[in-house]
Amino acid sequence: MISGYCKKGDMENARLLFDQIMKSHSFCPDEVTYTTLIDGYCKQGEFDEAMSWMGEMSAQGLEPNLWTYNALIYGLCLRGNVDEAKRLLTKMRLNGLRETVATHTSILKGLCFAKKSEEAVNYFKEMVRKGMKLDEKVYGTIVNEYCRMRKPDEAISLLSDMRAKGIRPGVSSFNALSRILLELGELDRAISLLKQMRNMGCTPNLVTYSTLICGLCKSKGRMQEVRILVSEMLQNGFCIDPGMYSCLVKGYCEDGNEEMAMQVFLESVDKKYIVTPESFSILVSQLCEKGKYVEAEKIFDEMSRRCPVLDLESYRRVLDEAMLHSPAERSTESSSPAFLLSGTKKGRGFLRWGSYIYISGGVWRVAEHIIPVRWRRSLGISEAAELA
């Protein structure tokens, strides 16, 4: 039962149970019991507590075994204290114990955690040279480290070595490599990597597609490839998430295809997803630049109606700014105080405090927003003004 609590990370109950057993004198704890507790505390990052149990273990006349040392080395590496872990490894050897692959893997990960990349790579090469049987997780650790070092060629070479040895790379390794290739502007290699994944028996996941799709959306002229990837992703059972919708909206806008951007936006609204303010701003700005104020209003209205936006006012301000500063708006007199007060309109309308009237497609509309100070002064608005 102590082992069960430790595996779940419930160290409080593990200790309570240990104390109850000790008080009842029902059994005498051995190396395995203490090692289980030490390992549990180390995995929870409570190294000082683990060392306290190590001291109690020694006080009982019990010698630490291989698993005890491995647990402590893991705990030290988790704190980034690799030098102390290496000293403990030396002590373990002096006590006649031979380390395992797990021992070296902990030190390797500790070096990575401490951001000692070059040392980690050299340590890995030494592990390979000694003929240690390394699994996908160990190789994946170094693939990720090469990516952090911005060395995609070395990472790709290591993936090839894995394939030659019959080791199937994990999807996280490919995702890390795709990400760094995109950051370096090597989009074609990132797409090619997707094909290599399948050849190596690795299935892309949502992160794989999201990384590639959002990366391509940032580059003009690649939206056709994006559409193919999105279609493939949907066929493989994955759904477009809110972050990806934002990338698609922005990508289509920057590609000059506001119709597709609107279609994707409204699709996201149907699913009650909220695109980022940045993507929303790009979309409405592009629509307003082309004089499509009605369409810009429509997407805001749809979002307001269907989505539980907490900060709706921020999106409204973004839309208003786009309308006020669009070239189409500036090319007319529609933004001047004189224009606001001129013209004919059937019926009666009101220009109220906290609002301004703009023209869209020849139709007067009222937007519930703050009037720029320069307009308020020009119009002489105090609390209300009536427009005939």
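Cβ atoms are placed via backbone N, Cα and C, with glycine included.
Automated prediction, rather than curation, is the source of TrEMBL annotations.
Features as listed in TrEMBL:
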REPEAT    1-29  repeat 'PPR'
REPEAT    30-64  repeat 'PPR'
REPEAT    65-99  repeat 'PPR'
REPEAT    100-134  repeat 'PPR'
REPEAT    135-169  repeat 'PPR'
REPEAT    170-204  repeat 'PPR'
REPEAT    205-240  repeat 'PPR'
REPEAT    241-275  repeat 'PPR'
REPEAT    276-306  repeat 'PPR'
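Beyond the ends of the repeat 'PPR' (205-240), by six or more residues, the same chain brings 171, 174-175, 178-179, 182, 187, 190-191, 194, 197, 247-248, 250-252, 254-255, 257, 260, 268 to within a C-beta distance below 8 angstroms of the stretch. Non-local neighbours of the repeat 'PPR' (135-169) in the same chain are 101, 105, 108-109, 112, 117, 120-121, 124, 127, 176-177, 179-181, 183-184, 186, 189, 193, 196, 200-202; each lies 6+ residues outside the stretch with a CB under 8 Å from one of its CB atoms. Below 8 angstroms of C-beta separation, residues 36-37, 39-41, 43-44, 46, 49, 60 of the same chain, each at least six residues beyond the ends of the repeat 'PPR' (1-29), sit close to that stretch.
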